[in-house]
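K.L.:
The structure is given below, and queries will be raised subsequently.
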Amino acid sequence: MPTSFMSARASSVNPEMKAAAEVMMEIEANKPAGNGLVVGRGLSPLSETLWKEKANVELIGDVSARLTWKDLTVTVTVAGGETHRVLEGLTGFAEPWALTALMGPSGSGKSTLLDALAGRLAANAFLSGAILLNGRKAKLSFGTAAYVTQDDTLIGTLTVREMISYSARLRLPDKMPREEKRALVEGTIMEMGLQDCADTVIGNWHLRGISGGEKRRVSIGLEILMRPRLLFLDEPTSGLDSASAFFVTQTLRGLSRDGRTVIASIHQPSSEVFELFDRLYLLSGGKTVYFGQTSEACEFFAQAGFPCPPLRNPSDHFLRCINSDFDKVKATLKGSLKTRVERSDDPLDRMTTSEAIRTLIEFYNHSQHHYSAIQKVDEISRVRGTVLDSGGSQASFLMQAFTLTKRSFVNMSRDFGYYWLRLLIYIVVTICIGTIYLNVGTGYTSILARGACASFVFGFVTFMSIGGFPSFVEDMKVFQRERLNGHYGVLAFVISNTLSAMPFLIMITLVSGTLCYFMVRLHPGFTHYLFFVLALYASVTVVESLMMAIASVVPNFLMGIIIGAGIQGIFMLVSGYFRLPNDIPKPFWRYPMTYISFHYWALQGQYQNDLRGLVFDGQAPDLPKIPGEYILEHIFQIDVNRSKWLDLSALFSMIVIYRIFFFLMIKISEDVTPWIRGYIARRRLQKKQSSSTDLATRIPSLRGYVVAIEPNSTSSG
Ligand SMILES: Nc1ncnc2c1ncn2[C@@H]1O[C@H](COP(=O)(O)OP(=O)(O)OP(=O)(O)O)[C@@H](O)[C@H]1O
C-alpha cells in the first residue's frame, strides 16, 4: 500500500488496523483523477461506518473534511473597551455526507460561528476553544475551505457566464481541455438555475444588472464550481424565492452526498427546504439550543415542553421559541390578549421567550443529543486524518496572472467611471491649461508661467487620479473574497493589477500630455515631448500605485480619498515650487520628505526638460537675455549636473516601490496581523487566567471555576 495513503501508528496486525486498511483500500478505489482536480467521492457510507469505529489511528489519504469545535467562545471588544461574549461554549461537528444547517434568530451568532470556524473573525474578536479539521489544527482560509459570505462581491461589468468562466480559468488546471472547463461552467450555471440570465451583466452603480437573488446564486456557483471539500455558506437562500431556495439547497445537499462537508446558516427555511438538512445547529444568544439530527428536532422540542403545533413549519416554530427580541412587545400586549392567553394551550403564551430559551438550553445541556455530540467530537478529534491541502487554485501562476489581467482590463474598459470619465475630465482640464498658457513663449513673464504650468500639471492633473479610488476599493473587495477562498496568489493579483491599468494610463497621459505640450508650446523637440509625456505617465501611475496601496490598508473609500489627498498635499508642498528647494526647512522637510515626494522628481525633471537650452527675455528690453540654465540654477535652485532622465528613473522606481509596498501590505495583513492578534489574545487570556488564579487562591470556593476557564485557547483569525 503506498505510504502516502496510509500511515498507522498501531501495531501491524491489530483488528483496528485491519479495518482501517479496508477503509484505505476503498479510498484507493475512489482515488482522485489524475489531472490533480479532486473529483473523487471520498469514502462511501460503508467506509464511513468503518471509519466511525476507528480511534487513535492516523488516517491519511481520506480527503474528506471532518470539522469539530469544542468549547468555542468568541468575545468581542466593543466601544469603551467593554467585552461582549457573542458565542459561549459551543461544541459541535460537521462531517461529509451531511448537510448542516445553522439556525437562530437575527444576532444569535450564526455568522460569527461560521467566521470563527473559517478563521475569519473580525479584528476586535478573539476566540477560545479548539477547532480541529481532521483532528488537527488547520488554517481554513486561503483555499482549504470555501466560504460564501452574506455580501455578494462580484464584478458588476461582467456577465454571469464571464464571471464564472474567468473564475474557472483562474482555478482549474491549465492542462484541462477548454471543452471540459466550459462544461463545468455551464454545469454550474445550470445547477444554480442561471441559464436565463447567463449573458446579462451582474450590474453596478450605473449598469442595471441581474436581481439580488441571482447575484446570490452566482456567488454560490463561484464556490461550488471547484467542488470544495469544506464549504461554509452564510445565508445562501436569503433573497431567493421559495423554489430557488429549494433548488439551491438541493444542490448543496447533492454536494454533501458527494462526500463534501457543507455548513450553511439559514434564516427562515420553508418546510421543504428544512427537510433537506441532515443536521441542525440551533443558536440563541450565542448558546446552543439544539444540535442533532434535523428529523429529531421536533421530538426534542416536544420533550422540552414546546411541541410543534400541527400544520406549522417546524423551523418557524423553533425560531418562535428562541427569539426573545420581542419579549417587551409581548409583555405590553399581554393585557389586551388576556382572554386568549388564558385559553391558549401554547406554552409560549404563558411564559416569556427568554424563559423558554433558558428551559431549552438547560434541557439540551442534559439531553442525550448533547452527550452524543461531545462523544462524537472526541471520537472525530482523536483520529488524525489527512492534512487537507489548499483546495484553491490549480492553475499555474502565469495562467492566474494572465486571466486576472484580462479580466481586470475588460472590467476597466466597461466601467464608465473608472477610465472613460477620467479620460474626459483629463482632456477638458488639459484643454483649459492649454488655453490659459497658450503659446507661452520666451518672454520674461513666461519663466514663471512655465514653472506654474509644470507645477499645475504634475500637481493637480496627477492628483485627479485619485478619482479611481472607489474602483480600487471594489477591486480590493473582490480580491479579498477570492483570495480568502484561495482563487489565486497575491503576486498574480499585484502584477495583473499593474499591467491591466497600463493601456488606459498610457492613453490618458498620451492624449492629455500631447494636448498640453502642443497648446502651451513647451520646449520644442521630440525628446522633450517624450520626456513630458513619460513623466506625466509615471506620475499618474505613481498616484494610482499609492492609492492602491492605501486601498489595501483602508478599505473605506471616503477615508481612503481623505488619506490619499492628504499625502499628496504634503508631497506637493515639498515639491520645490511652493517653497524653493534650499528654503525648505531642514532636516525633516528637506530630507527625507522632498526625496519621498514624487512631485519633487517630476518637477525637477520637467523644469530641466523645458528650460535648458532656451533663452528668455530680460526684465526690460535693454537688459540682457537670460539663459535657461541660469534660471534653473539660480531661480528654481535645481541641480543642473543631474540628468533629467535620472529624475524620470526615480519616478519609475517609485512605481515599483509602491507596488512592492502594496504587495507587502497584503502579505502583512494575511500573515503578520493574525499572528499579532493571536499574541495579544493569548496575553489577554493569560492575564485573565492569572487574575482568576489569584482570586481562587484567596477564595478556595472559587477553585472549581478556575479550571473551567482553562480550555486550550486559540487566537482569533
Ligand atoms: N466584531 C464584532 N464586533 C462587535 N459586535 C459583534 C462583532 N461580531 C458580532 N457581533 C455581535 O454579535 C452578535 C451576533 O452577530 P452575528 O452577525 O453573528 O449574528 P447572526 O446570527 O449572523 O445575525 P443575522 O442573522 O442578522 O446575520 C450581534 O449582536 C453582533 O452585533
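Please read every residue number as a count from 1 along the shown chain.
Each residue, glycine too, has its Cβ placed from N, Cα and C.
From TrEMBL, here are the annotated features:
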DOMAIN    67-310  domain 'ABC transporter'
TRANSMEM  419-440  transmembrane segment
TRANSMEM  447-469  transmembrane segment
TRANSMEM  489-517  transmembrane segment
TRANSMEM  529-551  transmembrane segment
TRANSMEM  557-580  transmembrane segment
TRANSMEM  645-666  transmembrane segment
K.L.:
Looking at the stretches 419-440, 447-469, 529-551, which one shares the most CB pairs under 8 Å with the transmembrane segment (557-580)?
P.N.:
447-469
K.L.:
With pairs fewer than 6 apart in sequence excluded, do the transmembrane segment (529-551) and the transmembrane segment (447-469) have three or more C-beta pairs that lie under 8 Å?
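P.N.:
Stretch pair touches.
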K.L.:
Per the definition of 3+ C-beta pairs under 8 A with sequence separation of 6 or more, do the transmembrane segment (645-666) and the transmembrane segment (419-440) touch?
P.N.:
no
K.L.:
Which residues of the chain, 6 or more past the ends of the transmembrane segment (419-440), have a CB below 8 A from one of its CBs?
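P.N.:
Hits for the transmembrane segment (419-440): 412-413, 446, 449-450, 453, 456-457, 460-461, 464-465, 467-468, 504, 507-508, 511-513, 515-516, 518-522.
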K.L.:
Counting only residues 6+ away from its ends, which parts of the chain sit with a Cβ under 8 Å from the transmembrane segment (489-517)?
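P.N.:
Residues 393, 397, 400-402, 404-409, 412-413, 418-419, 422-423, 426-427, 429-431, 433-434, 453, 457, 461, 475, 479, 483, 529, 532-533, 536-537, 540-541, 544-545, 548, 655, 659, 662-663, 666-667, 670.
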